[in-house]
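Per Swiss-Prot, Zn(2+) binding site is recorded for C10, C13, C29, C33. Among the features that Swiss-Prot reports, region 'Disordered' is placed at 46-66. Residues annotated as compositional bias 'Acidic residues' in Swiss-Prot: 56-66.
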Amino acid sequence: MSDDIVNVTCPTCGKAVEWSPTSPFRPFCSKRCQLIDLGEWAEEEKRIPSDVQITDSDEWSDETRY
């Protein structure tokens, strides 16, 4: 394995982050940036693109038991 230091860019703020065990929030530079990203996913500001269109009524029922 190589001892080269790999740097990545924080997806939230753009700051350089060392990709190593000493950077616990990688690829984010901090817990703050990690939580900002999580909030964007929770608010559906970010999403994985899909061609499939699902409506609320597709395969969902209040009567479904597991």
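Glycine too: its Cβ is placed from the backbone N, Cα and C atoms.
Keep in mind it's a predicted model, so treat the numbers as computed, not measured.
Positions of the features from Swiss-Prot, shown on the structure.
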{"residue": "C10", "record": "Zn(2+) binding site", "CB count, 10 Å": "19"}
{"residue": "C13", "record": "Zn(2+) binding site", "CB count, 10 Å": "13"}
{"residue": "C29", "record": "Zn(2+) binding site", "CB count, 10 Å": "21"}
{"residue": "C33", "record": "Zn(2+) binding site", "CB count, 10 Å": "19"}
Per DSSP (three-state), C10 (Zn(2+) binding site) is coil
Non-site residues, in chain order, whose CB comes within 8 A of the mean position of the CB atoms of C10, C13, C29, C33 at Zn(2+) | P11, T12, G14, K15, V17, F28, S30, R32
